[in-house]
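Here's the structure, in structure tokens; my notes come after.
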Amino acid sequence: MRTASNPPPVIAIDGPTASGKGTVAMRVADQLSFHYLDSGALYRLVAFASEEAGISVDDESGLGAIASRMQVIFKDNKIFLNGKDVTKLIREEKIGTRASRLAIYPKVRDALLTLQREFRQNPGLVADGRDMASRIFTDAVLKVYLTASVQARAERRYKQLIAKGISARMNVLLQDLQERDARDINRGTAPLQRVEGAYLLDTSDLSVDQAVTQVLNWYAKLHH
Ligand code: DC
């Protein structure tokens, strides 16, 4: 029997934008039959909802209020916000950029805290984001810092967008990625960082399969 001192295990996968951590995290969760949390989607939802409501990206209180009022449902690989399917809408680059801008505010981050921790359920959770290991699940059994070179990430993001029928320009993507990295790494609250004890996984030259296998191997080793 599990007790409060023995909560469901968490695998935390943090890393910069377009590093492939979402794909890897989802596949690892699938392999282990664990739940999956895409925490970035929550920040994107705040970005989307606040834009629709006409709330400025400088209005911390307004953004915090929106974040605490959102009704979010993750179902069958779709994301519903207040009953509306926004799966595709929140993937737009301008929403990602807006998410990164409002993610600097403590009121926004605090409003999403409980929501994120609710995903921790048996038999376990794979959570990806920026502060999964450093703040949300500090007791994660496995912490991975998953990254790739800026060039590799820009190319992946480009292919992703084109495949989805969204137009994109490589030089714009590269610049946006670098700006987003700087913002996520340098902010005062819960910045992107590789915490002590986190395994470094550079996927610049790895396939998704290889990255998934590496994470599963690290996880399997915990039990020996
Ligand atoms: O992972 P992503 O690109 O979907 O995330 C969008 C933005 O949300 C990212 O640039 C910063 C923010 N974010 C965050 O601050 N903390 C997280 N745990 C996840 C995302």
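Yeah, the Cβs are placed from backbone N, Cα and C, and that goes for glycine too.
Noted in TrEMBL for the protein shown:
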DOMAIN    11-219  domain 'Cytidylate kinase'
BINDING   Gly15, Pro16, Thr17, Ala18, Ser19, Gly20, Lys21, Gly22, Thr23  ATP binding site
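Residues from the binding-site residues list (Gly15, Thr17, Ser19, Lys21, Thr23) with a C-beta closer than 6 Å to any atom of ligand 1: Thr17. In three-state terms derived from DSSP, Ser19 (ATP binding site) belongs to neither a helical nor a strand segment and is classed as coil. With a cut-off of 8 Å between CB atoms and residues at least 6 apart in sequence, the same chain places Ile13, Asp14, Gly15, Asp128, Leu146 near Lys21 (ATP binding site), listed in sequence order. Counting other C-beta atoms within 10 Å of each candidate's C-beta, the binding-site residues Thr17, Ser19, Thr23 are led by Ser19. Looking at the domain 'Cytidylate kinase' (11-219) alone, the prediction's average pLDDT is 95.
Shown in sequence order, Val24, Asp128, Leu146, Thr147, Ala148, Arg153 are the same-chain residues outside Gly15, Pro16, Thr17, Ala18, Ser19, Gly20, Lys21, Gly22, Thr23 whose Cβ sits within 8 Å of the Cβ centre of the ATP site.
Other Cβ atoms within 10 Å of the Cβ of Gly15 (ATP binding site), summed over all protein chains shown, number 29.
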